[in-house]
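Asks: This is the structure I want to talk about, given as structure tokens.
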């Protein structure tokens, strides 16, 4: 590839620069004995390198801001929580701070990659980082250009400057949340990061940008995993972190398209990424063989306990965080589609980890209830995926990905509903959380439920109406434990379920008020208290 003139970014051309290094070169750099602090990588007995991201073991959404200017003023969803505005002055100050940090580096890594498998909609993204394992992370997670594509890469569509070693000393006077920052400038098409080492800020940053650009073109942008069967039947799994997107889409009977971020255009479903980013807390070979086997050379583990002999301890009791992760190139999964795209989706599955044991393991949705539950995006926030979350709490996340939405939720709902109607797709709400036994629904039962959705046997099953929640559930399904499909049966006292269900229904109803009066036609498709 042609040498990049760093001076246009304010970075000295005298710094040693490594362009799109090989996995072998990244491996050597990560385990270099001269590495200090969180730059250090540890070789594990699997061949994968493990790193520690410090105190930032998850994203920091409260430190995420977007420059408010003529381009973004009337397009960004300025909700004051997810998308918070900053001035151009603050941006300029913190970009200077980031560039100064990068100018102190002995060596920089430049990774030119693609975000999106479709040539006409993909973003060319340039990552400029000073930590070898961060270069490894984006090499795993984004689409790796061929040598020919690198030679003809040209100018990037977006540039990410990662200054994780610096912090913002002026954050209080600037009215920001803390000394760390994750900022976006859609006019300059740049992201800057300071103070946090967590690699997921780069991954989710570019997802947020695709969530801005693609729906404006009529393309659905989705926080989901996706796979495809032998007959070309595509299933999409929406869900927040920890609900099972990665685990359930890695199905040995089907081919993986991707595990987290996808678009849906006139040609079908396509992946934004070139890798997977799986949670590994309490990982077992029996329950998640594909992820287990993907942890080998070129995979990158985060915050996993490594014993003195190099063996890994995935157990919750041994881990510093519940958000232990591994990134790996998608070709570490045996059954994949390359390039990572397929036809139009037929099955839309909304995953929820209900911590309160109220939702059924599976509910069959119609067109309106599908839109209702997509806009609500109910789950329970699970420990570790964000700073400050240590216990499960009920959460409503529009589009099952509120933290990454840059446009109003209804824009995503409208585009998805249009695609589903055009291609006769059906939707289901699947609870991967808990029931009245205070135990989590087993992965074996959930997989059997997914099988019933895919093979459509769920459509033939007799349905039961669940009051209050206003949902229809199958009476029985092959391979699913008896007595769990109706959540009321998991309680020794049905009155306890009813009390919890009314409490959750009230939360649904209160949450949906934000979509009124426009969404009034959907109210009858949600939970009811009268």
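Here the Cβ of each residue, glycine as well, is placed from N, Cα and C on the backbone.
Here Swiss-Prot flags 59, 198, 204, 325 as substrate binding site. Feature annotation from Swiss-Prot assigns Mn(2+) binding site to 204, 223, 260. The feature ATP binding site is assigned by Swiss-Prot to 204, 223, 239-247, 288, 325, 440-441, 446, with sequence analysis given as support.
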Asks: Quick one, of the binding-site residues 59, 223, 245, 325, which Cβ has the fewest other Cβ within 10 Å?
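Replies: Output over binding-site residues 59, 223, 245, 325: least Cβ neighbours within 10 Å is 59.
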Asks: Give me the CA-CA distance between residue 241 (ATP binding site) and residue 223 (Mn(2+) binding site), in Å, as a whole number.
Replies: 10
Asks: May I ask for the distance between residue 239 (ATP binding site) and residue 325 (substrate binding site), taken between their Cα atoms and rounded to an integer number of Å?
Replies: 17
Asks: Does DSSP put residue 198 (substrate binding site) in a helix, in a strand, or in coil?
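Replies: In three-state terms, residue 198 (substrate binding site) counts as coil.
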Asks: If you compare CA-to-CA distances from residue 260 (Mn(2+) binding site) to each of the binding-site residues 198, 204, 243, 245, 247, which comes out shortest?
Replies: 245
Asks: Let's check the environment of residue 243 (ATP binding site): how many other CB atoms sit within 10 Å of its CB?
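Replies: Cβ-Cβ neighbours of residue 243 (ATP binding site) within 10 Å number 24.
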Asks: Does DSSP put residue 243 (ATP binding site) in a helix, in a strand, or in coil?
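Replies: For residue 243 (ATP binding site) - judged by DSSP and reduced to three states - the answer is coil.
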Asks: Among 198, 247, the binding-site residues in question, whose Cβ has the most other Cβ atoms within 10 Å in this structure?
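Replies: Of 198, 247, the one with the most crowded Cβ is 198.
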Asks: Whose Cβ lies within 8 Å of the mean position of the Cβ atoms of 204, 223, 260, the Mn(2+) site, other than those residues?
Replies: 203, 207, 261, 401, 404
Asks: State the Cα to Cα distance, in Å, between residue 198 (substrate binding site) and residue 247 (ATP binding site), rounded to an integer.
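Replies: So the Cα of residue 247 (ATP binding site) lies 22 Å away from that of residue 198 (substrate binding site).
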Asks: In which DSSP state, out of helix, strand and coil, do we find residue 223 (Mn(2+) binding site)?
Replies: strand
